[in-house]
Ligand SMILES: NC(=O)C1=CN([C@@H]2O[C@H](COP(=O)(O)OP(=O)(O)OC[C@H]3O[C@@H](n4cnc5c(N)ncnc54)[C@H](OP(=O)(O)O)[C@@H]3O)[C@@H](O)[C@H]2O)C=CC1
Ligand SMILES: O=C(O)C1=N[C@H](C(=O)O)C[C@H](O)C1
């Protein structure tokens with residue numbers, strides 16, 4: 001009997017999907033069994049990605065792929081518009097979901113947690129798989145205990161569909177957990193350009209930059225009297241996410257319930 005974990009990738013022809021297909025294919029403990037991406041419909045993976053030895057057909061949708069390929073785990077790197085419905089489909093069929101796609105709101109997360117409970121399967125929602133980014137968030141939470149004044153600048157490539165990034169949202173949530181409320185600044189601000197002070201996630205301001213040439217970057221800047229502390233993480237390419245993706249797949253195999261954030265699997 002083959003002991004490898006049967007893994008499928010949704011969004012396989014996208015930027016993250018392609019990297020994930022290569023990483024799963026190259027891992028001895030995992031068996032790549034299913035591929036979904038609407039734009040590859042009718043093709044085989046070896047034609048679309050020029051990886052020899054990968055003769056899998058590309059499926060049009062997740063439901064059809066699960067029925068045909070019987071994965072134990074589906075990794076989703078699709079779009080903020082499709083991720084919720086994909087995640088529901090995966091869980092409803094009793095399959096574990098690893099969700100890398102960002103843009104799920106709080107209500108959707110709760111609904112997915114409930115569904116995973118009903119179906120007795122696992123779901124991991126991971127805003128950032130880069131180990132350095134996870135450490136950045138943990139260090140920021142620690143620093144917030146001493147520096148309650150903080151703002152986040154997240155910088156991404158110009159193809160990114162959602163703002164703020166999932167990483168910025170998670171960072172702000174972790175900072176807010178450490179703080180009992182951020183003290184308001186004792187100044188009456190005049191904002192002459194709407195939006196120039198960014199958006200506030202419970203008092204933590206987030207500024208989103210989108211430019212060609214960037215991949216995924218974030219600075220968390222803490223200010224105190226006479227000093228500043230900046231915690232910065234840079235992903236220079238999408239290989240940076242792959243050790244975290246493989247770790248999440250292996251840790252979630254056979255596990256039930258929801259995990260939100262890679263720090264909870266390390
Ligand atoms: N958690 C993490 O560490 C990381 C998360 N991300 C997130 O991952 C997501 C994907 O990013 P990225 O790879 O850059 O995006 P891409 O746009 O490059 O890839 C998304 C792919 O999904 C395809 N797709 C669209 N709808 C479906 C569907 N219903 N089923 C299957 N595939 C579908 C798209 O096809 P088409 O182009 O035809 O729409 C496209 O090929 C984003 O939300 C991003 O924020 C990114 C990096 C790291
Ligand atoms: O879209 C991206 O590229 C990324 N998305 C994730 C996010 O929204 O935080 C993770 C990483 O920043 C790259």
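Using the three backbone atoms N, Cα and C, a Cβ is placed for every residue, glycine included.
Quantities reported herein were computed from a predicted structural model and do not represent experimental measurements.
When the candidates 37, 67, 68 are compared with the NAD(+) site entry in TrEMBL, which names 11, 12, 13, 14, 15, 16, 100, 101, 102, the shared residue is 37.
DSSP assigns residue 166 ((S)-2,3,4,5-tetrahydrodipicolinate binding site) to a helix in the three-state reduction.
Residues near residue 160 (active site, proton donor) in space but far in sequence (CB under 8 A, at least 6 apart, same chain), listed by position: 210. Taking 44, 166, 167 as the candidate binding-site residues, the subset whose CB lies under 6 angstroms from any atom of ligand 2 consists of 166, 167. For the (S)-2,3,4,5-tetrahydrodipicolinate site, the Cβ centre of 157, 166, 167 serves as reference, and the other residues of the chain with Cβ at most 8 Å from it are 102, 127, 128, 154, 156, 160, 162, 165, 168, 216, 218. Here the Cα atom of residue 167 ((S)-2,3,4,5-tetrahydrodipicolinate binding site) is found 11 Å from that of residue 156 (active site, proton donor/acceptor).
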